[in-house]
Each structure stands twice: as structure tokens, then as C-alpha cells.
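What TrEMBL says about this one:
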DOMAIN    1-90  domain 'CARD'
REPEAT    656-697  repeat 'WD'
REPEAT    745-786  repeat 'WD'
REPEAT    838-879  repeat 'WD'
REPEAT    948-989  repeat 'WD'
REPEAT    989-1034  repeat 'WD'
REPEAT    1035-1076  repeat 'WD'
Amino acid sequence: MEEGARSCLLQSRSSLEQDIRASYLMDHMISDGVLTGDEEDRIRSKPTRREQAAALLELLLRKDNQAYISFYNALVRESYGDLASLLHNSLPLVSPEAEKSFSDGGTRYVQAVLSEGGVPQRPVVFVSRPALMNRVREKLYRLQKEPGWVTVFGMAGSGKSVLAAEAVRDHALITECFPGGVHWLSIGQLDRSDLLVRIQSLCFRLEQQSQEKDPSSSLHRPPGSLEEAKERLRFLMLRRYPRSLLILDDIWDSSVLKAFDIQCRVLLTTRDRSLAECVSGPKSEVAVESGLEEGQALEILALYVNRKPQRLPEQARSIVRECKGSPLVVSLIGALLREFPDRWAYYLHTLQQKKFKRIRKSSSYDYDALDQAMAASIQVLSKEHRELYIDLTVLEKDVKVPAKVLSVLWDLEPEEVEDVLQDFVNKSLLFRDCHHRPYLYYLHDLQLDFLAEMNRSGLESLHTKVVRQYQQRYSQGPPTSGDEECLYWFRFLTYHMAKANLTQELYSLMFSLDWVRTKAQIMGPAHLINDYLEYSTILDKEVRGHFQEFLSLNGHQLEQRPFPDVVQLALSQPDSSEVYRQALLQAQERATRGGLYLDWVNKSSLKSLSRLVVQPHQGSIYSACFSHDGTKIASCGSSKTLRVFKSTSGEKLLEIQAHDDEVLCCAFSPDDRLLATCSSDRKVKVWNVERGTLMRMFEDEHEEQVNHCQFTNTRRRLLLATCSNDKFMNTKLWNINKPSSQNTMFGHLEPVNHCCFSPDDAYLSTSSSDGTLKLWEVSSANEWKSIDVADMFSEQREQTEVMVKCSTWSAGGRTIICAARNAVFLWDIETSKKMADCSGHLSWVHGVQFSPDGSLLLSCSDDQTVRVWETNKVHTSSAVCLKRDSDVLFNNGDITVVAADNRNRLQVRNGRTGAVMFQSENQESRICCTAICSQTSAMPSGTSLATLQGHTRAVLHCQFTPEGHTLITSSEDTTIRVWRWRTGECVVLEGHKEQVRCFSLLTTTPSSETHLLSWSFDGTIKVWDMSSGERLQDLVCHQGAVLACDVSPDGQLFATTSADKTAKLWNVKDGTLLKICSRDNKDAMDSLHGGWVTDLHFSPDNTVLLSTGGYIKWWNVEKGEALQTFYPTGANLKRIHVSPDFSTFVTIDNIGILYILKKVE
């Protein structure tokens, strides 16, 4: 043991003997391997606690430095902090070999835990700092009983990341405090999309490890938003990995840190000491000194050259002073000296004489020392290796690359590249992540900064070299292996092209549907969308908008597995889109080779509602509002900014960094001179619009995030209303000239998301997460009316809660619009009845507002769009939508659609133009099904020809026979009726035990003209003779309800699907079962429809089977493989109608959109 440590033990001996309990401490020391079982027994044999303590100290004085450090750590763990402080200043350093075995925890268990969690291994050049490491461990032990935060902060290059990794390399710490494991995540400077990708990766890794330990657990699809990712991570850390430690390395931004505020145990490294103030829970911190003391630095140099500090040459002290004790620089120089131990004078001379230019004088980095150490390190490289090292200038910060990427860049064999990289690693010019196979390599930020400055004039040519080498290696197409090299090129090829100023190559790449398809399949849509945002100033604005809109609106489909056909998705884009143009050309070419593609021929009819769509922010838009003169729109969102732009063109007028957190709402004052904003930071601010300056701030009364703010509409008495997530006092009224609120409204027990004054300021509407819209009297703060909006989602209410997000009044104050989920509803105040609704947003709607004259309606959403709607069209086109119960007549190229609308009227429409050919009056009872006779020749007049009575419950399906004289109906009353509808004669087919959902005519042969096949919720299929009512066949097909059935055109086969999650293929003649598809096999997993399969159709040649559910799918009957999938805007398709030649398909989704799909030829 070192003399200083021995002396400290002797001086503190009496205090230690008096207070310590040796039995507690020995457990830790045995775990560290510094105490044997026999030694423990001898100490325990002593009769008193004090004698045991004295015996332990006597034994300790005969041991080495490891024993001293183990004893110190034991004191820390057993909460003898005051006694540990007596020993702290004399903690010894140990040799690299001894330190390795000791700090590694001495067990394979520690290595396995850290490896699984992605904790970096020690760098080749390792700086031992036990005192600092023990301070970190002391803080980590505080997390043993409850979640919290430990912040390790210091300047770049001070060794924070290595320190964090070393602190957890301890067996006792892991077993006692973090038995759930240690999980490492490198962060760096990220935007929201990159942060989402990092959290997705962490969640996938945790789920994969969980599945390995528990095969019954399943992998989930990647979370699609930061909010979803945060909840997924919360679940994993609290449920599957309780009492585990999450290490966040190199945090820069508080908004990033908030994504991990999930009540778990977190160790973070950062340069900003104040970052942890933005999160909840107990916090502690450890400061990492920017420079080592001279004695420490000399000890480290001595370890590298295997000498005692006293035997180092005089140049050693000069080197330490010259580099200011920087751990990184001492490490670099020490590594060089280990290879060339006689070059002390040379390296000192190099540091003193080389006059390197500062990288950035304002930087907090120790650039003087770094520049000199870096230059000295690069000087020892051979000329060939020096040129290769300069090529690394093109790498991005915080990015690890495999050797195969550099093999492409350098045009060398991978083995040669690895030899070169090993040389760089040995000289501390490069770092290696050994947890991945193959290894990944990366540069320290300081090294990258140094290289970038040194090669500033040649950066463009270096990036050009990367692109040209890639193009040469992958001239036949991009790599698709999905390995680390493949991921690198897909993530950073566009970055290298932009830095190389290769504009034309960038255009060709990013405006290629092939590139979009391949990158989306390998990396998901988030990176693609980010590319279009990142390079928006370079790319053509219009075409960029086409691709960006396509990805934004179809991102959820591109997350599907199996991966969807991007060409088919793109065929749903507007005809004027470059995306559609490329898709149509590819579809036509593939159709010549037997491919199946569908063109949505009537999609243009859906363009007319939105008049202006702008994307003012990166990220979700939480609020948008008109100015009172209608010329301006203000918007805000997750970007923390407030933006004002022209309502006619979207041109930016003002942009303010408004809050420290997400800005949830903005509102103009009546004279448009002020703008109010509120935020997740619990603050409400009032701004001068013209100058963009802060006028007033309220920050004391709301205890949770403030969701919305709204000024009164008139100037006579200016008030500001706010609402929040507070439990009871969640709606407040403010006079902006007074420091405290004027009134509080009570009634909602869940968060209030929105508030809005009526035009005369007499009432205030509030929208809440409890599913209600409440109206209040402003003067008394009493509740006036309450509307239960959640009833509009009765089908979904049982599954998830319905939150009312926002509301707005019409100019006359007689109607009010509110938004819930992605739908917008218009209500009549006096009757409390819904008047209309509109759809168009693909995600949650956060804000709605009428323009001053009521002609326009503004809405904003999580889909990152602000939409301006024409109010009169919202009242008509979007308010009246078709229901899914429909029938279609195909006649010589014409398409006639008959269906009920949501006002319970019967409509007949031209399928190609959408024109309404006939519309009935409102019917008293609900129209459940429709049928059109193929013999119809005249335009419907609305005259009732017959009323057929007999069914006792709702009729579910009706169909005319081909000649038009017979009508067949099926019902919830379990019967089927065959009517001669002109005379009223009826044959009743009885036998089903539950409702008969549908039926099909068997008309393939003359003998079967009067035969009918029916299916029911009782799980059976029956074949009937319609003339006599005789039951010819009775098959029990499924354990659950039969949902869909179809007979092949040749009459030989029929297929069924069921609520029991199976599909079956049958022989019509004898009723034998030919094939079963269930969710347990590959075919069925590929066939998931996003819901129950509700309709089936065979092609005329029996080779293709069409099925509908949440999606529409076409199948190869022989192989059982999916040929194509069409994803509608809505969901829950009920029926699909097919033309006789199997080239045109017609259906209606659950939000009333009509689809006319035609095969591309």
C-alpha cells in the first residue's frame, strides 16, 4: 500500500474503530476479491464489535492499494460518508492491469450486464480517476430505493463518458442497486426525428432482450411519435426492467432530456450543469474537472511508460503544464510515449513550437492543448495513413461507422482497412465500439473539429470523393443488406451530396420513388421526411412538397410489416404530383409483366375542401388562429416558436422563440396588437405583435402545463382566459394589467384542453379530456350547458377515452365547432344537435377557428399541417357522406352507386363523376342495406313501388336476381326471404340460429339457377333451393361468426372468413374443407387486414381472390400470396363491388369516402 494511504489509515484508526461495523464492510470487500473467507472468519471470531473493527484495520494495513480502495467503497455503500471523507484525499492510483481486473467488477456477470446494455468498453488509452469515480458511485447508491437523476457535467474532453462507464463497472453496485440492468444511450445534438430514431432503437433493444429471456413476450412495431416512444420506454423501464439504470451520454438540450422524464433511474453526462432542472424527481450531480492536477497527470504518464512518477524526466512536468492537464491530451501524449518512450523532448518541443490556430476562440474546449496534441499525434502517422486519416473529416459527430464504409471510401479490402483503423485506435486518434460485430469506429468531437478546421478548404472535395466512391461501388443500385454499412449510406449519402454541392445528384436521388421505397423500407419514413426538411433550401420547392406530403400522409403505412407497395401507395397522390407521375409509369411497366396495380380514378373529387395548407414549423402544430382583420395567421407548436404569416400566401411575417418548452397555444387580442402564448413550462406570456417583444408574463398560479389561452373578442373589457392540466383550478380569467387571476371556473375534473369566448364575450366554452364541452357564464363563472361529445364515438369509446381538444364559435354565436381525435363537429347551440362534420386531417386536431366573417374555418393538427376550409363546403360536401351499405351497377363502362348517406337518405350517384343522380327524402327508420336492379333503365324518380313486410328485425342485406323479378333479403331475425316483389309472394328460408349477415346466388350452371348460399353469425354455411325453401347443404364452417363468403365463378369452390381469425377454402359440391389459413402461419400473418375480413370475391378465372377489411387485398389463389394491398383513408370497409371483368372495384370507407379503383394496364 502507498505510504500516503497507510498514513491516512493510521491517523484515522481510532475514529474508524469506534464507529464501523466490520461485518457489514467485509461483505463488499469479499465481493471485490480483496478479502478471503478465512480472513473474514478470523475477524468475526473477535468477541466485540470494536475488536472486530481493529482486526480488520490491522489486516488492511498489510494489504495493497486495491484493499484500501475497496474499504473506501464499502464505507460509501454502507453510508459511512463522514468516515469515507477522511480517506478520500489519500485514495491511491493503481496500475492499468490491476485497475482493469478491479474496476471490471471481478465477475463475468458485470461484463455480461454491461455488454447487453451497450455500455462502452474501456478505450485502449485509459485514464484511471478512482476518487471521481467513487463520487459518482456514491450518488448512484442513492438511487437504490427510488428513481432519480445523477448528472455528471464538465467540459468536452474531460472524460465524462469514460467516467460514467467506469462507475457502473462494479459488481456490488449492479447487484444491489440495478439488478434490472444498465442501458446506455448516446445522444449528442439531435432534432426530434433523430431523437425518435434513437428511442425506437433503445425500445427495440430492450424488447429484444426481454423476448430472449421470456419468449412469451412479443416485439411491437416501432413507436411512430415521440409521445408514443416516451410511453413505450416508460412501460419497458418500469415494468420489464424495474430497478435498472438508464445512462444518457452527451445530452445537449432540455427538450431532449424531457423525453426521458419517465420516473426511472438515470445517469446523464452533459456540458450544461442546469439541464436536469427541467425534469422531475430527486437530483444529484458530480462535477468533472476540466484539467488534472499535476500529480495526477504525472502519475498517469508514469503508468503509460511503466515508470514511477519520481523517475520521469523533467520534460514530463513541462508537458503537463503545456497541455493544462487536459485528460484527453495527457491520454494522447501518453499513448504516443508508450510506443516511443524516448521522445519526451520531441513531443515537448512539438507542443511548444507548433503554432496551431484556435478552432473557435469563444469555444469552451481547451483548443490550444487539443490542437497541439492532435497535431503531434498525426505527425507520427505514415504519409499514407495520414492521408487516410484526413478523409475521416467527412464523418458526422456522434456517428459510428463500420470498417466496410471506409473500405468503400478508401477502395481497400476490409481487412486492410481494419489494420489501418487499429493503428489509429492505438494512437488514440480513433475510438472503437467493441460491443458491435463488426466493430464500429468513431472520432471524438474535438478530433472532428480539429480535422474540419485543418481541412476547411478541401471539405467539398473530400465529400465529393465519398459520393464518387459510393457511386463506383454501388453502380447497380444501393445496398439492401440492412447491416451497419447499408444504414450508414442511407442515412448520410444525402448529407455528403449536399456538402459536396452535388445539387443535380441530390435532386436525382431524393426525387426518385425508388430511393424513397428502399430507404423507407430499411429505415422508416422519419429519416426521409427529415432529409426533405434538412435540404429544403437546395431542393425544388414544388417537387419537394410532393414527396414530403406523400411521406407525411403515408408514414403510418410505411411502418407496416410486411412493407407495403410504395408504387401502389403513390397512385393515391394527386394526378399533378411528381410522385403520382413516377408511380403511374412504374405501375404501367410492371403491369406488362403481370403486376397488379390500382388507380384511384375519382380521387380528384376530394381536393376541393382545403384552400390553403402550410407547414410553418418542424414538428407538431398545437395552435393556429386568425387575426381579427383576417389578414394574418399565428401558429405555434413543439418547436417552441411563435410564428405569424399571411393568411393568403403563408409568407412569414414574424418568428419568436417564445418559451423554454413546447408552445401549446397562441391568441390575438381584439385589436391584433397583442399575442398571448402559453406553454408546457406553465407560463403565460403576452407579446407585442409589431415589435415581437414580451409585454407581460404570468407564471405562478397554474401548477401544470397551460393548454390554451384566449382573449375576449371586444375591446371594452379586455380579459384573457387560460386553461390547464390542473386537477380542479384548471380554467382561469385574467386582467392582463393585474398580477393575479380574476376568477376561476370549477366543473371539469380532467385536464381542460381549450377555452373560447362567445362573440359577445358573455359565455366561455371549455373542451376537456373528460369527453365533454361545457359552456360557462363569464360574469358569474357558473356552468350554463354541457355537451357529451364522446357519444359521437360510441363505437370506440369502450376502447379508449375520447378527449375534446378544442372548440370555436361562429360569428353569430348560434353554432359552435369542436374537435375530437381527427374529426371536426359543428353543433347548434340552442338544440345541442350536431349539424355537420368534416374530415381531412390524418392525426389529432388541436385547434379550430372561424375567420371573422365566418366564410373560412381554420384547423391545425399533429399531421404538421394548418388547413383553411371553406365553411359552406364543410356544411355540404363533407357533412353529407355515404354510408358503407351500398350496391353498384356496372353497365357498358358506366358505374352507378346506390347508398344511404349519414342523413338517412338514399342516394344514387355517378361513380366516375360523383354527381348525385337521385336523392330521396329523409327516411324515418335507418337504411341498413341497398340493392340496384341490373334491369334498371330509367332515372330513379323516388316513387315507392312496393313495401314488403315480414321480417321482424333489421334487414342486413338485399339483392335482386338477374332478371329483376325476385328480391332476396336476409335479416337479424335469422331468416332469408325470397320475394316476388311485384305480387308480394314470399318463400321463407329458415334454419340459421343467429342473424344472417349475407348470401350469394349460385348461378354458374342451369341446374343451380334457383340455389342460394347463405352465411350467418352462427358459424354455418347453408345452401338452399329458393323455389321450394328446401335446405340442400348445411356446413358448420367456423367456431365464430362467418363474416364473409364468396363462390368461385366456376361454382367449384367457395371461401369463408370468420371472427375466429381463420379463412377457409371449401369444395361446393360435397362441402369438404380444402385449406385453412390462420394467424398461426405465415400466410395469415401476411393477410392481416387491419380488422375483420368482411367481403370476398373470386376473379372470373378463379386465379385471384379479393378480400376487404381495414384494407383491400388481392390474393393469388394457387400460392396464397398477397398480390397487392390498397390502403383507404378511412377504415372498416364493409363491402366491395367488382365489375364483371374484374378490372374495376368500388367501395366506401367508414368516413364516407367513395373509392373507384381501376386496374392499371
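Note that Cβ sites are derived from N, Cα and C of the backbone, with glycine treated the same way.
Long-range neighbours of the repeat 'WD' (948-989) within the same chain, counting only residues 6 or more positions beyond its ends whose Cβ lies under 8 Å from a Cβ of the stretch, are 887, 926, 928-936, 995-999, 1001, 1003, 1012, 1014, 1016, 1022, 1024, 1026-1029, 1031. Same-chain residues lying 6 or more positions outside the repeat 'WD' (656-697) and placing a CB less than 8 Å from one of its CB atoms are 254-255, 258, 278, 622-629, 632, 634-644, 703-715, 718, 720, 722, 724, 734, 736, 847. Within its own chain, the repeat 'WD' (745-786) has Cβ neighbours under 8 Å at 704, 707-714, 717, 719, 721-733, 797, 801-813, 816, 818-820, 827, 829, 832, 847, counting only residues six or more beyond its boundaries.
When DSSP labels each residue, the repeat 'WD' (656-697) comes out as 0 helix, 24 strand, 18 coil, counted as helix, strand and coil in that order. Residue counts for the repeat 'WD' (1035-1076) under DSSP, split into helix (H, G, I), strand (E, B) and coil, are 0 helix, 24 strand, 18 coil. Per-residue pLDDT, averaged along the repeat 'WD' (948-989), amounts to 92 for this model.
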